[in-house]
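Colleague: Pasting the feature list from TrEMBL:
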- A:6-26: transmembrane segment (TRANSMEM)
- A:38-56: transmembrane segment (TRANSMEM)
- A:76-96: transmembrane segment (TRANSMEM)
- A:108-129: transmembrane segment (TRANSMEM)
- A:141-163: transmembrane segment (TRANSMEM)
- A:175-199: transmembrane segment (TRANSMEM)
- A:205-226: transmembrane segment (TRANSMEM)
- A:233-257: transmembrane segment (TRANSMEM)
Amino acid sequence: MEIQWSLVLFTAVAGCGTWASVGVAVDELRGLTERTNRLASAVALVLAVVGGIASVTHLSHPDRIMAVLGHPTPGIFLEALLIGLFILAEVVYLILLARGVSAGVRKAVAVAAAVIGVVFSFASGYSYMMEARPTWNTIALPFGYLGFAAASGLALYLLLAALKKERDEALKLAGIETVVGGVLAIASGLAFGFASGAAMGDSAAVFWVSLACGGVVPAVCGWLACSKPASTLALGVVAFAGGIAGSVAFRAVMWMVGTAVANYFGIAL
Amino acid sequence: MAHNCIVVNLDRCTGCYSCEITCKMENDVALGEYWNKMLQRGPFGEYPNMVRYPLPTMCQQCADAPCVHVCPTGASYRDGNNVVLIDREKCIGCKYCMMACPYGVRDWNKASQTVEKCTLCGHLTANGELPACVKSCSAGARFYGDLDDPNSDVSQELAKYDEADIHELPNVGNNPCTKYIMTSMHGEWMEGVE
């Protein structure tokens, strides 16, 4: 099956952004960083918009897209709704930051954005669970989408915190979050790899590269950032580069192994 | 609720491709695109006991059509006669229906950049005619009608055979309505796909 790059980039880029907001929400609750949240939220907002635009490039008739609003049950509606709500929540959060609104309201909006973002990252994989594609029809697939988005998004937050020269304590927390993201990617990636057969078949090389880049690299870099906060900037760059490359590769693998029950007309999507 | 569909008697089918060609002519299906495609299954087995048979494929009019469930705009829908159809004017070209179809029997129209498929020749059946592929079948192997109507052509043809001789494409919960008749006299139906 041909890789649908528009959809790969949509879920990888937007998922990275939505999970960067998880870093913001955790920090809003802990109150450690001072400068990162504004930048991280702005970047998350931009990534969500860019991801949304990437998804539209997949369509041959985007001019008819409003008809989606009349059909709330398919996965595309849910994805569009969640990414729209996420963008709205990020805009509200940035306005609250700019106006210096009370911490309680800010926390509530940040947590709401993060929850929407996490659900989006899961839902964007859940849409592909269909009986017609046995290799996709496993709950490990949406968890994989979530896991790799977590690794790339939290690695991005680590990088931004390092760029903003946050205190060591804040960098350590961001490092721990990145480790968690990496572990989520490794666990969910392995589950999908063995459930779908991607770990052993023709796509095995790309699959294992995705796991190494998208899971192991962020996890190791996050761990090192905890013990060496002074090196966090370099580690953040490597963690984010690995995370987003792995996230893209994981999604590409999904398309590579997405064989239908039958393809009688022989049409490549 | 009617379940209109095609029944193909493979004991009669000669694999002449007239269904495929007539479908293209009737529905103006472009070169390289299909609403109805004749395949050859096999050969299976070991010489001299080998089996090979023609398999005409098209939309199977699934009772639980996944294409309708996943379509985000309602472009894939069931009409008043319960036939699965596509409204080209609503199709955004997301191809989710093509991903969700277990058989890959939906066509991508390169000119209109929309998904298309067999309509059971609704423009003909609405006027009491038969679908073009049924009308043109030189072997009398294709039948059209309502599975729920015991007097329909499909029901009457199916009634002539044992259940063991009536087959369908792999069912993954979509419950295809299209049936294929093949008796052991003419060959052995191969489950699954090649």
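One is the number of the first residue shown, and numbering goes on along the chain from there.
Just so it is clear, glycine is given a Cβ too, placed from its N, Cα and C backbone atoms.
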Colleague: Using Cβ atoms only, state whether the transmembrane segment (A:233-257) and the transmembrane segment (A:38-56) have three or more pairs under 8 Å that are 6 or more apart in sequence.
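Modeller: They are not in contact.
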Colleague: By a Cβ-Cβ criterion of under 8 Å, what residues six or more beyond either terminus of the transmembrane segment (A:38-56) are in contact with it?
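Modeller: For the transmembrane segment (A:38-56), the nonlocal Cβ contacts are 6-7, 9-18, 20-21, 23-24, 62, 65, 79, 83, 86-87, 90-91, 93-94, 97, 110, 113, 117, 153, 156-157, 160-161, 163-164.
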Colleague: Can you find at least 3 Cβ pairs under 8 Å between the transmembrane segment (A:205-226) and the transmembrane segment (A:141-163), where each pair is 6 or more residues apart in sequence?
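Modeller: Yes; at least 3 Cβ pairs under 8 Å.
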Colleague: For the transmembrane segment (A:175-199), name the stretch out of A:6-26, A:76-96, A:108-129, A:141-163 with the most CB-CB pairs under 8 Å.
Modeller: A:141-163
Colleague: Quick test of the contact rule: Cβ under 8 Å, at least six residues beyond the ends. What residues does that give for the transmembrane segment (A:6-26)?
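Modeller: Contacts with the transmembrane segment (A:6-26): 36-37, 40-41, 43-48, 50-52, 54-55, 57-58, 83, 86, 90, 93, 107, 110-111, 113-114, 116-118, 120-121, 124-125, 145-146, 148-150, 152-154, 156-158, 160-161, 173-174, 177, 181, 243-244, 247-248, 251-252, 255.
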Colleague: Within the same chain, where does the transmembrane segment (A:76-96) have neighbours whose Cβ lies under 8 angstroms from its own Cβ atoms, ignoring anything closer than 6 residues to its ends? I mean 6 or more beyond.
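Modeller: Cβ under 8 Å, 6 or more out: 14, 18, 21, 24, 38, 41-42, 44-45, 48-49, 51-52, 55, 68-69, 105-106, 109-110, 112-113, 116-117, 119-120, 123-124, 127.
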